[in-house]
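Q: Pulled these from TrEMBL:
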| type | residues | note |
| --- | --- | --- |
| DOMAIN | B:84-298 | domain 'ABC transmembrane type-1' |
| TRANSMEM | B:27-48 | transmembrane segment |
| TRANSMEM | B:88-109 | transmembrane segment |
| TRANSMEM | B:121-141 | transmembrane segment |
| TRANSMEM | B:179-197 | transmembrane segment |
| TRANSMEM | B:218-237 | transmembrane segment |
| TRANSMEM | B:275-299 | transmembrane segment |
Amino acid sequence: MATVNIQNIQKNYGAVKVIHGIDIDIADGEFVALVGPSGCGKSTLLRMIAGLEEVTGGAIRIGPREVSHLPARDRDIAMVFQNYALYPHMTVADNMGFALKLKKADPAEIRTKVQRAAGILGLEKLLDRYPRQLSGGQRQRVAMGRAIVRDPQVFLFDEPLSNLDAKLRVQMRGEIKTMHQRIGTTTIYVTHDQVEAMTMADKIVVLHDGHIEQIGAPLELYDRPSNLFVAGFIGSPAMNFIDGRIEEGAFRTKKGLILPLPQGVAAAGGRDLVYGVRPEHIRAATHGIEGRATLVEGTGSEIYAKLDARGEEIACLFRERLDVRFGDTVSIDIDPARIHLFDKQTGLRL
Amino acid sequence: MASVSIDNPIDETTERRSKPARLAPNYWPFVMPALLVVSAVIVFPWLFTLWMSVNSWTLGQPRTFIGFANYLRLAQDMRFWESLWHTTTYTVLSVVLPLFFGTLAALVFDAKFPLRGFLRGIFVMPMMATPVAVALVWTMMFHPQLGVLNYLLSLVGIGPQEWIYNQTAVIPSLVLVETWQWTPLVMLIVLGGLAAVPREPYESAEIDGATAWQKFRYLTVPMIAPFLMIAVIIRSIDAIKSFDIIYAMTQGGPGTASETINIYLYNTAFAYYDIGYGSAMAVVFFLIIIALSFVLLMVRARANWSDMEER
Ligand SMILES: Nc1ncnc2c1ncn2[C@@H]1O[C@H](COP(=O)(O)OP(=O)(O)OP(=O)(O)O)[C@@H](O)[C@H]1O
Ligand SMILES: [Mg+2]
């Protein structure tokens with residue numbers, strides 16, 4: 001186990017800048033999720049930490065050691081790949097024990113460690129199988145087993161669950177989290193699924209185009225997103241953004257829709273702003289802002305609706321059963337304490 | 001579809017039942033030509049060879065049935081046992097050496113470097129030459145006085161060798177030619193194997209702490225093993241049957257030092273016209289090849305990691 005310290009890391013592919021100077025500090029035993037849209041550089045960053053990709057600039061420290069230019073095999077990290085990258089010609093047991101075998105560990109010791117990892121992951125019955133004889137979820141667990149057996153300083157995961165179906169994904173999410181709680185190894189976990197990040201991580205790093213948008217605990221990102229990108233990325237369904245200005249103590253859109261504000265923000269008057277409110281923070285009310293339903297989707301536990309309120313589209317998530325149909329007029333109420341205001345120009349939170 | 005069968009259920013069932021019966025008599029005319037050709041060109045020659053091998057029949061003299069006498073004679077024929085030994089050494093060396101150098105070349109040509117395509121093209125050229133032309137060129141190169149090989153050796157201070165004109169050097173010399181010609185084939189097969197090897201396990205191995213050698217030893221070799229096996233099979237069958245290069249260069253000489261079963265068989269049947277004895281030899285040789293193929297196929301099934309479930 002170790003801390004991981006990333007300082008001003010950069011990566012260029014030829015003239016293309018992919019990572020533009022990133023700093024992350026990871027405490028010993030922390031579970032950090034790297035999230036961001038496709039192509040933002042998550043895998044690249046992770047592969048640089050692993051040593052599979054050269055760094056263009058900056059420094060990576062694992063524990064007290066500077067490892068930026070060490071080959072992967074000297075970094076004492078374990079990695080689970082998106083496509084698992086198992087050894088196709090080895091059995092499950094050999095796959096898991098390979099790293100130890102390379103270190104010339106005693107065969108009996110390898111067997112014990114593999115058995116223990118297999119026990120944690122429920123793979124005992126599959127030890128003699130070959131990867132091609134396993135299901136996706138089983139392969140995924142073998143890939144994890146290969147990492148656990150190593151007992152490394154740091155675990156790196158690159159979207160390990162993206163190939164699994166929704167149910168298995170939820171189950172494996174729980175298993176990874178449980179495993180982390182049991183073993184306590186520092187973990188860096190790449191995902192583009194923000195639900196995974198929110199549920200598993202101690203700390204989330206939001207990446208966008210090779211920059212860090214925000215680093216923080218899951219609820220911190222949810223409650224106080226520091227800019228429009230994070231606000232739109234974290235939370236599902238996504239936050240509503242409504243353009244307008246503050247006039248006479250209220251938020252007013254161009255088309256004249258008036259939205260409630262918390263106390264003490266009048267100072268921000270006079271410039272273009274974006275009003276953000278999460279769909280789940282909108283409640284149905286007997287009177288309030290009125291909108292016509294343009295989309296209604298019920299899942300049983302909740303109702304997702306899009307309303308047209310004076311030309312502004314507002315998505316709402318109602319937890320109670322409402323009898324809403326397409327074209328109905330609905331009155332809603334927004335909790336002013338839970339809204340977010342951003343500067344339209346800079347995208348930053350006010 | 002559904003409505004048709006409901007409208008006319010009886011018709012359909014009768015038709016379905018009678019179909020095979022109606023087809024059966026029509027089968028044979030289609031199968032007959034193939035059957036005839038196969039019998040004429042494969043089955044008949046074999047039966048004829050078997051028949052000749054139990055007869056004493058020298059061309060121009062009357063034929064007499066002698067049972068297994070030819071086979072008994074074979075068992076006591078020192079020249080036959082010697083030719084069997086020659087065949088074995090020749091085959092083993094002609095498999096192992098091209099396999100080694102071909103794999104090495106494949107690893108070299110699998111890496112990226114300038115002019116790779118061009119050099120690879122040059123490298124595979126020996127494979128395309130006809131054996132007799134190859135034999136001619138090498139015979140000249142092997143010439144003790146005029147050959148370029150002895151000249152090259154003299155440059156590095158090694159005295160002249162007798163190559164194919166020496167009893168002990170002749171088989172290694174022939175193997176040298178065989179290796180020169182067939183290393184490219186092995187290289188092509190192994191290159192195909194290397195291209196089919198997945199790249200991701202190498203990154204895993206890197207993370208797992210493997211050195212370059214360990215990656216080669218524990219990933220590359222087992223993953224290209226099925227392709228190596230294919231190369232071994234092709235090479236073994238080719239080498240054991242090898243005739244043209246040996247005959248064109250040495251005719252089995254000097255003396256009988258490079259006489260393989262194939263050459264001895266040829267000499268018996270077509271130089272001494274002892275057809276019956278030659279046939280017996282052909283039958284035994286054929287059995288040896290069958291046995292070899294069987295062993296190779298068994299080994300191959302074991303080397304196949306991509307088809308594990310069959311085990
Ligand atoms: N070898 C390369 N040469 C040039 N550009 C590359 C190379 N590898 C990656 N990139 C670019 O770097 C950027 C980041 O890629 P990366 O694989 O890190 O994205 P990612 O965040 O992991 O995306 P995803 O969620 O789709 O996996 C992309 O824009 C990609 O096109
Ligand atoms: Mg990626």
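Placed from the backbone N, Cα and C atoms, the Cβ positions cover glycine too.
It should be emphasised that the depicted structure is a prediction, and the values quoted were computed from it without experimental measurement.
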Q: Checking distant contacts: for the transmembrane segment (B:218-237), what same-chain residues at least six beyond its ends satisfy Cβ-Cβ under 8 A?
A: 91, 94-95, 98-99, 102-103, 182, 185-186, 189-190, 192-194, 196-198, 201-202, 205, 210, 289, 292-293, 296-297, 299-300, 303-306
Q: Looking only at residues six or more beyond either end of the transmembrane segment (B:179-197), which have a C-beta under 8 A from one in the stretch?
A: 93-94, 97-99, 101-103, 105-107, 109-110, 123-127, 129, 131, 134, 138, 219-220, 223-224, 226-228, 230-231, 234-235, 238, 245
Q: Should anything in the same chain at least six residues away from the transmembrane segment (B:121-141) have a Cβ under 8 Å from its Cβ atoms, list it; otherwise answer none.
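A: 105, 109, 147-149, 164, 177, 180-185, 187-188, 244-245, 248-249.
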